[in-house]
Amino acid sequence: MRIFNRQIPNVRPEHAFVLPLLSTFAWWTMLTSLLICWYLDDKPLYESKQIYFHLMITFVSNIGASNLQPIFIIGSFVMGIFYVWTMIEEWYLRTEEKSYLRVSPHKHTTNLHIASIVFAFLGSVCMFLTSCFKLTVYDTIHNVCVTMFIVFVCTSSCCHVLCYILYYVHYKEKWFLISALAKLLWVFLSLGLVFGYVYPYVLAMRAGLRSKLWGISGAFEWALCYFYPVLLIILAFDLTMTKNSGYRAIPRYSTDQSPSTERLLKEEIELA
């Protein structure tokens, strides 16, 4: 597979679904490792003046800013690599060149795929920068990167939702609609968890360092982090549920405007 005249790694089409699962594994492994190490270290608060709810939880960023930062960085980097690779691979498998999955029917779907890739890349970069800039030292940069990560990933997902709606309109296959609705639900639930994380955080800042709201905010942050890879699992199904077996694609961007060509551009010819 080549992008901008650069050869990038490729996988066998039937194994492409493994890419988002590897991203999920890297992310959940990183989170679980941080949580276990924090627990085995007698659950330090890192900010001794804050009392964190009866769940005795602290923020992911606080643990990531400790001596466990290398785990945070590696997990974020690996997750981002496989997430972006997943988006690129799906686009590639829907091109006329490969035609493994249902082929992109027109320029709008192709452009939405590209937009999804760009926003996924920007989101992954922001997550990597979040892990690199410690909250305890670069709090403003850290918080901006977290915010932009959420914005970019949700935007990428919305582009994917629109793309799959167009696929459903063209191919009339139920999975495209199911996937689009699942991603849309993921966006709304993620934004709900973001609200559950941010609102108590703001109230806690007003209430003081000994507020129990810090713990509520921390619990929602962990829930949001663990919920994020659900999107990647949906993407794994996308790479297996819409195979193009038994069909070949008709060239879409023809300059021939004859009636017969227009008819062929709207049809798929089943292979003998």
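Our numbering is plain: 1 for the first residue shown, then up by one each step along the chain.
Any Cβ shown, glycine's included, is placed from N, Cα and C.
Unlike curated entries, TrEMBL annotations are predicted automatically.
It should be emphasised that the depicted structure is a prediction, and the values quoted were computed from it without experimental measurement.
Here is what TrEMBL records for this protein:
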type	residues	note
DOMAIN	17-240	domain 'CWH43-like N-terminal'
TRANSMEM	17-39	transmembrane segment
TRANSMEM	74-93	transmembrane segment
TRANSMEM	114-137	transmembrane segment
TRANSMEM	149-169	transmembrane segment
TRANSMEM	176-199	transmembrane segment
TRANSMEM	219-239	transmembrane segment
Listed stretch, out of 17-39, 114-137, 149-169, that has the most CB pairs under 8 angstroms to the transmembrane segment (176-199): 149-169
Cβ-Cβ under 8 Å with the transmembrane segment (17-39): same-chain residues at least 6 beyond its ends: 11, 58, 60, 63-64, 68, 71-72, 74-76, 78-83, 85-86, 89, 222, 225-226, 228-229, 232-233, 235-237, 239-240
